Amino acid sequence: MAVQYELIKRCSKTGARAGRLHTPHGTFDTPIFMPVGTQATVKAMSPHELKEMGAGIILSNTYHLYLRPGHELVAEAGGLHKFMNWDGGILTDSGGFQVFSLGPLRKITEEGVTFRSHIDGSKQFLSPERATEVQMALGADIIMAFDECVPYPADHDYARKSTERTTRWAERCKGAHTRADQALFGIVQGGMYKDLRSMSVRDLVSLDFPGYAIGGLSVGEPKDLMYEMLEHTVPLLPVNKPRYLMGVGTPDCLVEGVLHGIDMFDCVFPTRVARNGTVMTHQGRLVVKNAEYTRDFRPIDSDCGCYTCRNFSRAYIRHLLKTEEIFGLRLTTIHNLYFLIHFMKKMRQAIIEDRFLEFRAEFWSQYQK
Ligand SMILES: CNc1nc2cc3nc[nH]c(=O)c3cc2[nH]1
């Protein structure tokens, strides 16, 4: 199997678990946070810096790379790892979510989705087979089935019909997937309906994927509703397969996702907000661009071991951001990614030492959103 999950330790009181994910490009500790590199680069970061800060698996997007530069060109370069000179793990999202959230004027049929490129308005079409072919050409270690992310809110009838189609599409992806060195994950849908989440899990598990993503969350629903869906859905998934919660990445959601048994997370949040000067600390977020930090010569976070916090002050970073110096957003990005990657390592250690609930209580006692 291209990707194998190894369970190391289960928390005795919750669904939290520590594990390892074995892939063709290395073995990575879980729970893991995966930086997003939509267009074959984690914005402002070099592969060397990503490796140095402990990044293991990064994401790229099929939708974007299919439109530009095209999957054929990436294949000609020898695949994504060679193209971007990254020898760690790569996961590609299948394009479904991006088509629904980016591509204007889209039309969904049983066959697939017709949409207009957000770049040049050209008419495009993706089907389960085509999305799988594109991902095989891009060459990620983990690829995702082509699905429809049920929008929020959606009525039960729409959610049911869409989820049933996503399952038929997952089967078609499985039929089209012929690369033995890649793992194809199914994506659980079902909207905010427990019966449909159960149906989606049952149908996908019967198709037997090497890993399962929880889709259709972090789409604008209240966090408590997301947690409720996780509490219901995750325990239904096989214990010996990785669980990947798509699009989730603020510290509070990461803690609650780990609590419910999630192993893998991705989110643009840390890199996106870094570029406008929002950085994460153990007490919550701060906007280092704000005037209050003009003469603040302390590091962003005195407990943080990242390159930014070891070498630069809030005042200096604020100055760089105010003057729109590129180095400023590089420093905030380095910090935010390091913070989350190491936050996951601390959670993993707490699970191994069977003190995850204490870790979680300590986190919530300090954290202001
Ligand atoms: C930022 N939130 C978010 N990013 C997502 C990506 C996804 N990809 C495929 N399918 C999904 O359902 C899905 C849901 C998501 N929510």
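Using N, Cα and C of the backbone, Cβ positions are placed for all residues, glycine too.
Quick look at what TrEMBL lists:
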type	residues	note
ACT_SITE	Asp93	active site, proton acceptor
ACT_SITE	Asp266	active site, nucleophile
BINDING	Asp93, Ser94, Gly95, Gly96, Phe97, Asp147, Gln189, Gly216	substrate binding site
BINDING	Cys304, Cys306, Cys309, His335	Zn(2+) binding site
DOMAIN	14-368	domain 'tRNA-guanine(15) transglycosylase-like'
REGION	247-253	region 'RNA binding'
REGION	271-275	region 'RNA binding'
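Overlay of TrEMBL annotations on the structure.
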| residue | record | Cβ contacts under 8 Å, 6 or more apart |
| --- | --- | --- |
| Asp93 | active site, proton acceptor | Leu59, Asn61, Thr62, Tyr63, Met144, Met246 |
| Ser94 | substrate binding site | Thr62, Ala131, Thr132, Gln135, Ile143, Met144, Ala145, Phe146, Asp147, Cys173, Ile187 |
| Phe97 | substrate binding site | Asp147, Cys149, Gly215, Met246, Gly247 |
| Gln189 | substrate binding site | Asp147, Glu148, Cys149, Val150, Ala159, Ser162, Thr163, Thr166, Leu196, Arg197, Ser200, Gly215, Gly216 |
| Asp266 | active site, nucleophile | Phe33, Met34, Pro35, Val36, Leu59, Leu91, Tyr244, Met246, Gly247, Val248, Gly249 |
| Cys304 | Zn(2+) binding site | Thr281, His335, Tyr338, Phe339, His342 |
| Cys306 | Zn(2+) binding site | Met53, Ile334, His335, Tyr338, Phe339 |
| Cys309 | Zn(2+) binding site | Pro299, Ile300, Asp301, Ser302, His335 |
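Residues Asp93, Ser94, Gly95, Gly96, Phe97, Asp147, Gln189, Gly216 are recorded as binding substrate; their most distant pair of Cα atoms lies 15 Å apart.
Report note: the substrate site is defined by Asp93, Ser94, Gly95, Gly96, Phe97, Asp147, Gln189, Gly216, and the residues of the same chain whose CB lies within 8 Å of the CB centroid of those residues, excluding them, are Phe100, Met144, Ala145, Phe146, Glu148, Cys149, Thr166, Ile187, Gly215, Met246.
Cβ atoms within 8 Å of the centroid of the Cβ atoms of Cys304, Cys306, Cys309, His335 (the Zn(2+) site) belong to the same-chain residues Pro299, Ile300, Asp301, Gly305, Tyr307, Thr308, Arg310, Ile334, Tyr338, Phe339, site residues excluded. Around Gly96 (substrate binding site), taking its Cβ as the centre, 27 other Cβ atoms fall within 10 Å, counting all chains. Checking the recorded positions Gly95, Asp266, Cys304, Cys306 against ligand 1 with a 6 Å cutoff on the Cβ atom leaves no residue at all. For the region 'RNA binding' (247-253), the number of residues in each DSSP class (helix H, G, I; strand E, B; coil) is 3 helix, 0 strand, 4 coil. Cβ contacts within 10 Å of His335 (Zn(2+) binding site), excluding its own Cβ and spanning all protein chains shown: 27.
For the binding-site residues Gly95, Gly216, the greatest number of Cβ atoms within 10 Å around a candidate Cβ is found at Gly216. Tertiary proximity for the region 'RNA binding' (247-253) is limited to same-chain residues at least six positions away from its ends with a CB under 8 Å from its CB atoms, namely 33, 97, 217-219, 223, 226, 262, 265-270, 280, 340, 343, 363-364, 367, 369.
Per DSSP, the region 'RNA binding' (271-275) is made up of 4 helix, 0 strand, 1 coil.
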